[in-house]
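Step one of this worksheet: look at the structure below.
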């Protein structure tokens with residue numbers, strides 16, 4: 001077998017995102033379904049943020065992290081779905097090389113941040129239930145702000161490292177990604193250079209995500225991490241690109257859409273805050289304390 005043709009990574013202009021289906025008759029249905037889910041995701045998560053920020057009674061550590069989780073979910077979904085919808089609408093499958101790397105970086109950042117926020121929320125509930133007398137000290141505003149900063153640092157560092165490592169990869173002339181976003185595993189399959197370090201990073205980050213939260217969020221954990229492990233921890237030979245795409249929809253689209261209903265909009269305090277929000281036209285405030 002001959003060696004596949006190779007181009008320098010600086011010469012790569014764009015990739016092709018093959019999406020979920022190549023059948024023309026299915027494009028309108030896919031566009032409508034994902035547009036509806038995206039709008040529902042944004043509405044639910046932004047309503048949560050507005051309700052928490054506008055009601056002083058909700059300026060507590062738990063709701064502070066819940067608001068950040070909602071913002072993270074909104075950003076996580078926005079990193080991939082708008083591009084997918086634009087490609088379906090324009091019947092174009094291209095994404096630029098720099099756009100692909102940027103999308104990958106933000107997906108890694110907000111996906112990782114989602115994990116850490118779930119873990120911090122679990123810790124908050126542990127302190128509130130098991131050490132209630134020390135709650136005000138253990139979850140003081142400065143410490144909560146510090147934990148949020150640490151979450152950002154711990155997600156940005158590996159995401160930036162993984163993205164920078166990809167800039168050193170040389171890609172072959174075949175640049176079709178069998179996915180609706182720039183999946184790191186799919187990108188490495190197009191490489192013509194050594195990718196062992198990149199693959200090690202993917203395995204490390206996948207396991208970190210899979211075991212970095214606690215059982216108190218069991219509903220989301222089973223859905224999110226079950227699909228995540230199916231994509232990144234199983235050998236590539238055991239699942240197809242179509243299976244990966246379906247699993248990705250679960251943890252990239254459906255879970256961020258369900259989180260407001262699981263954590264927020266069923267909450268009585270948040271329902272009351274939303275009622276006040278729309279009942280008296282109260283001005284929205286950004287601080288959560």
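Each residue's number is its place along the chain shown, starting with 1.
Each residue, glycine too, has its Cβ placed from N, Cα and C.
For the ranges 7-28, 29-50, the feature annotated in TrEMBL as transmembrane segment maps to 29-50. Annotated range for transmembrane segment in TrEMBL, selecting from 247-265, 266-284: 247-265.
Tertiary proximity for the transmembrane segment (62-81) is limited to same-chain residues at least six positions away from its ends with a CB under 8 Å from its CB atoms, namely 34, 37-38, 41-42, 44-46, 48-49, 52-53, 103, 106-107, 110-111, 113-114, 117-118, 120-121, 124-125, 128, 144, 148, 180-181, 252-253, 255-257, 259-260, 263-264, 288-289.
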